[in-house]
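*Asks:* Please read through the structure below; I'll follow up with questions.
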Amino acid sequence: MAFTPFPPRQPTASARLPLTLMTLDDWALATITGADSEKYMQGQVTADVSQMTEDQHLLAAHCDAKGKMWSNLRLFRDGDGFAWIERRSVREPQLTELKKYAVFSKVTIAPDDERVLLGVAGFQARAALANLFSELPSREKQVVKEGATTLLWFEHPAERFLIVTDEATANMLTDKLRGEAELNNSQQWLALNIEAGFPVIDAANSGQFIPQATNLQALGGISFKKGCYTGQEMVARAKFRGANKRALWLLTGSASRLPEAGEDLELKMGENWRRTGTVLAAVKLEDGQVVVQVVMNNDMEPDSIFRVRDDANTLRIEPLPYSLEE
């Protein structure tokens, strides 16, 4: 990709984030085009893509036959098909799996590294972009297209925008915002996704979890009314038979080192510590606080105390901005 990522700065929590423009280099774009695009995606992902309008984007899962997620996808309509954003570390294997049945359909599935992914968040993000685009997305219309640019709106943890655009527009936006906005890399966007409770599936956790173990049902990413798709039987069983015993949690606190994706944590049990959970993502903020996204049992006590393995510091549960009640 010719557009150079911005240098990293320590990320900031959403409540204190100044206006910030981010390069989302740890995320990647992919597309499906062709006459059978909608039908094909409908048979592959957990969401009901046939009901998606041009104004919507949503988080869906692409599962294996056992209902375990290869990846989750931030999906939106694009040209005569769809585009999606996922972690760069899982894009190649996810596309390999998605293409397995494509020979029988009129579709072209491909990575897209021509376009650039940017994020805008922080203080008065909307006002900063209002000078640069004729229309901005909102709750009512979450996707807006203008020329070569697609803008996606996010409500949590605070209003922010994901911009999919060409290199020329990315350079223009950088030049226009450089004076007033801080520049940062994708760690800041990752910190915001963790705060928002959006599950982050990197390569270490691909093929490990059913969608409900990462709260996808609470984020509107699973349709239980649509026709069949790969892994549907297991995903449905988890709902209707109560087979899912896990959930995604947000922990904050201190740690002398950041846990890596796929690592477990330790839960305090009286005087002892017991291993628990699987870390999806973790970030250290500029104030020294550590935020961790972890899949654990869904019946954790809200006052539970955790730590990174053998660490002297502790982590506690923070509420997510959505409810898991069905």
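Cβ coordinates come from backbone N, Cα and C, glycine included.
Checked Swiss-Prot, it gives:
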BINDING   Trp27, Trp189  folate binding site
*Asks:* Please give me the CB contact count at 10 A for Trp27 (folate binding site), counting all chains in the structure.
*Replies:* 21
*Asks:* Take the Cβ of Trp189 (folate binding site) and count every other Cβ within 10 Å, whichever protein chain it belongs to.
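*Replies:* Within a 10 Å radius of the Cβ of Trp189 (folate binding site) lie 26 other Cβ atoms.
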*Asks:* What kind of secondary structure is Trp189 (folate binding site) part of, going by DSSP in three states?
*Replies:* helix
